[in-house]
Amino acid sequence: MATTATCTRFTDDYQLFEELGKGAFSVVRRCVKKTSTQEYAAKIINTKKLSARDHQKLEREARICRLLKHPNIVRLHDSISEEGFHYLVFDLVTGGELFEDIVAREYYSEADASHCIHQILESVNHIHQHDIVHRDLKPENLLLASKCKGAAVKLADFGLAIEVQGEQQAWFGFAGTPGYLSPEVLRKDPYGKPVDIWACGVILYILLVGYPPFWDEDQHKLYQQIKAGAYDFPSPEWDTVTPEAKNLINQMLTINPAKRITADQALKHPWVCQRSTVASMMHRQETVECLRKFNARRKLKGAILTTMLVSRNFSVGRQSSAPASPAASAAGLAGQAAKSLLNKKSDGGVKKRKSSSSVHLMEPQTTVVHNATDGIKGSTESCNTTTEDEDLKVRKQEIIKITEQLIEAINNGDFEAYTKICDPGLTSFEPEALGNLVEGMDFHKFYFENLLSKNSKPIHTTILNPHVHVIGEDAACIAYIRLTQYIDGQGRPRTSQSEETRVWHRRDGKWLNVHYHCSGAPAAPLQ
């Protein structure tokens, strides 16, 4: 029987060195080509962990990167598949992020911002000429070729990039990073190349004053701002910016994508192509200071999101004696730090749009511990990125949240709240019913009236690894392990475990639990 020879071209041709970065399924390491001693950055993807769809995305990224050869784009030099791993060999860019470099400069002017956006537009124009849309233009993906003064800006990370048909618009899914998403993507309209120009407009705005045009702690409010194109040029920081710079921003942040300036047109704008005579040369110290805070906030937000993937905590009415886990404490402390940083008046223009929502350090009454399977990947590589499955992820989070609310109602002995979340004809299989199918609320009402409502002892519930299956627009199923900690009648701590499945149906915009299946120990702790 013939055997297929395993490819070892990467292992044979390249020597690996230190790690440069890490993601959910990939790691980036410095490597050297043995024959030339040339240094590169190798993105190593563990293909054993990839789904069929992930494989398609990987192939698409490699195909797109092979097409693009431009001095302002991180170039792909090689793409090699070996047993269990795929290697993408890129330029080794050593200058770090553009935004981090700016804050280290002694002098930074509007003309410098013009030079930066010029290079970014050159890269965007190149990819658009090849019918590629990046979809994730943001500061994290704008790198410098080296640490030398005047090093080229390079556009990186084509993981969300797509191939389009010329100027044709279509719905390619919800992808990007919240503050840089265009109105048409948020409206779920067909879209194309103009989404990259919108993101360039956001980046240019930040380059000039150090804070973003759209901001709110509440993502829904942020999206409303973007869809309305609700940005302005507040005094005093914008008073020293030339009208030509504001004009270019206005043309980039045009709500109607058909009327938005193109990359080619933007490169011909006087503020870009005649910067020496049009752009101001005045040093912008306040911009540098605001940008420093903006950078700190970006990094902190990434750390918080990564921490919160480990453990999310939700508050219920009763006080619990159960201590917060280390991950929960870290998430809470990070949340407090974020709140402090975000609400400071001096924080890079956020003063203009303070959110009424806030981050609280919560008592751990109902804890949800996710694994990395439900569209929530523990990736520091994309923790600030909305994935292509964002729509699905949001709906899954909605189901997890309503399940938490239902369990909180049970823990609180609140039958009224319970009935508002459950269908009157709720069917259930559960240990308390001795394997019989129960229909309606009366069976559960007995426990609420005679056990749960009389229970004054602390209860702490942990939902482990919730798996959500979305079934069409208005139905979903969630399966999880539920651990319930409680104090028994003798004052001793106890834990019960049950494996639960709930089927949810949305009617008139409201989710109702229509079926419940529980195995293991009774969910209601016996006193």
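Here the Cβ of each residue, glycine as well, is placed from N, Cα and C on the backbone.
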(message) Which residue does Swiss-Prot record as phosphoserine, given the choices S182, S325?
(response) S325
(message) In Swiss-Prot, one of 156-178, 294-316, 432-454 is tagged region 'Calmodulin-binding'. Which stretch would that be?
(response) 294-316
(message) If I look at Swiss-Prot, which residue among S280, S321, S358, S428 would I find recorded as phosphoserine?
(response) S321
(request) Using Swiss-Prot as the reference, determine which range in 33-42, 133-142, 233-242, 283-292 is annotated region 'Autoinhibitory domain'. (result) 283-292
(message) According to Swiss-Prot, one residue among S320, S346, S355, S379 carries the annotation phosphoserine; which one is it?
(response) S355
(message) Going by Swiss-Prot alone, which of S276, S329 is annotated as phosphoserine?
(response) S329
(request) Tell me whether L20 (ATP binding site) sits in a helix, a strand or coil according to DSSP. (result) strand
(message) Name the residue among the binding-site residues K22, V28 whose Cβ has the smallest number of other Cβ atoms within 10 Å.
(response) K22
(message) Within a 10 Å radius of its Cβ, which of these recorded positions (S26, T287) has the fewest neighbouring Cβ atoms?
(response) S26
(request) Report, in whole Å, the straight Cα-to-Cα distance of T287 (phosphothreonine) from D136 (active site, proton acceptor). (result) 24
(request) Specify the count of other C-beta atoms within 10 Å of the C-beta of L20 (ATP binding site). (result) 16
